[in-house]
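What follows is one structure encoded as structure tokens, with my remarks underneath.
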Amino acid sequence: MTTKPPLTLRLAAPRGFCAGVDRAIQIVEEALKKWGAPVYVRHEIVHNRHVVERLEALGAIFVEELEECPDDRPVIFSAHGVPKSVPAEAGRRNMIYVDATCPLVSKVHVEAERHFNAAREIVLIGHAGHPEVIGTMGQLPEGSVALIETVEDARAFQPRDHANLAFITQTTLSVDDTADIVAALQSRFPGIATPHKEDICYATTNRQEAVKVFAPGAELVLVIGARTSSNSVRLVEVALRAGAQDAKLIASADDIDWSWFNGITTLGLTAGASAPEDLVQGVIEACRDRFEVTVETVKTADETVTFKLPRVLAG
């Protein structure tokens with residue numbers, strides 16, 4: 001019998017689903033129970049193909065635009081948030097709609113409105129084209145929000161009024177990258193209005209902090225998540241910056257190239273906020289097939305946050 005090589009697997013805690021993702025998935029499930037299939041969902045409810053396929057099997061139909069939905073079936077808006085024009089159009093068509101926007105994203109929308117009503121010029125730190133950024137910018141008239149993606153953008157930004165500025169941020173960014181951009185803005189515009197509470201969400205921060213703890217001793221870090229998942233992509237970047245020798249983004253155990261493990265004795269494993277736990281366990285089992293695995297849980301925070309369902313689905 002061949003002896004399996006040893007592998008120490010450092011498992012991040014917390015990892016995977018956050019409260020906003022849990023709530024969004026539950027909204028689709030409860031809508032299907034209440035109204036039956038099909039229920040339409042505008043954009044992937046969360047950025048994870050496995051989650052989407054499971055909900056499709058239950059009767060959810062995913063579309064990119066509201067015009068693809070019939071008037072007489074319920075539609076759900078994804079956790080990332082939508083421009084104001086979307087619920088306005090649904091209302092005009094007398095559609096039943098449920099907004100699954102994460103409450104932490106909605107908080108950023110409220111901040112944007114507050115700054116706009118105070119006649120401040122608004123800077124959004126985020127990634128162009130991400131659904132959350134499109135949704136946040138779409139809360140206000142076109143041209144009201146300037147998007148800044150990098151420190152260089154912050155240094156080059158020319159506001160209309162240096163003394164009347166505010167910034168908000170996409171919730172799923174790298175904590176460190178955002179800090180650098182904020183510092184660049186504040187050095188140029190000391191009076192810029194800041195969020196009441198940091199916009200980077202608790203789950204994004206917690207998952208990045210766990211990776212920072214185990215990355216320095218890891219020869220390889222695997223992050224389970226979709227390439228369209230901003231927070232998952234950031235976890236790979238955080239792992240490399242924190243000292244991991246290598247880091248890869250995988251959708252599931254099927255994506256693993258086992259040549260990555262040549263000479264490896266220490267693996268770090270985590271999952272983005274939209275990746276279900278069964279994918280994590282699948283990677284652990286795949287490792288056990290090839291290695292004598294010792295799992296060490298690296299716990300850096302307790303998460304007790306939960307969000308209520310919209311009133312139309314509660315109770």
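A Cβ is built for glycine as well, from the same backbone N, Cα and C atoms used for every other residue.
Under the DSSP three-state reduction, C102 ([4Fe-4S] cluster binding site) is assigned to coil, being neither helix nor strand. Listed in sequence order, G20, V21, R23, A24, A79, H80, G81, T171, C201, F307 are the same-chain residues at least 6 apart in sequence whose CB falls under 8 Å from the CB of C102 ([4Fe-4S] cluster binding site). Residues or ranges marked as [4Fe-4S] cluster binding site in Swiss-Prot: C18, C102, C201.
Sequence-distant neighbours of N231 (isopentenyl diphosphate binding site) (same chain, 6+ residues apart, CB-CB distance under 8 A): T172, A203, T204, R207, G225, G272, A273, S274. For H47, H80, H130, S229, S230, N231, S274, the entry in Swiss-Prot reads isopentenyl diphosphate binding site.
Annotation comment: Swiss-Prot describes H47, H80, H130, T171, S229, S230, N231, S274 as (2E)-4-hydroxy-3-methylbut-2-enyl diphosphate binding site, evidence class sequence analysis. According to its DSSP assignment, S229 (isopentenyl diphosphate binding site) is coil. Sequence-distant neighbours of S229 (isopentenyl diphosphate binding site) (same chain, 6+ residues apart, CB-CB distance under 8 A): H47, N48, T172, G272, A273, S274, A275.
If you look up Swiss-Prot, you'll see H47, H80, H130, S229, S230, N231, S274 marked as dimethylallyl diphosphate binding site.
Summarising the annotation, Swiss-Prot assigns active site, proton donor to E132 and lists sequence analysis as the type of evidence. Long-range Cβ neighbours of E132 (active site, proton donor) (same chain, at least 6 residues apart, Cβ-Cβ under 8 Å): H80, G81, V105, G126, Q170, T171, T172, S230.
When the neighbouring Cβ atoms lying within 10 Å are counted for each of the binding-site residues (T171, S230, S274), the highest count belongs to S274.
Considering other CB atoms within 10 Å as the measure, the emptiest surroundings among the binding-site residues C18, C201 are those of C201. Within the same chain, residues at least 6 positions away in sequence whose Cβ sits under 8 Å from that of H130 (isopentenyl diphosphate binding site) are H80, Q170, T172, S230. Excluding C18, C102, C201 themselves, the residues of that chain whose CB lies within 8 A of the CB mean position for the [4Fe-4S] cluster site are, in sequence, A19, G20, V21, A79, L104, V105, T171, T172, Y202, A203, T204, A273.
Under the three-state DSSP scheme, E132 (active site, proton donor) falls in the helix class. Other Cβ atoms within 10 Å of the Cβ of H80 (isopentenyl diphosphate binding site), summed over all protein chains shown, number 27.
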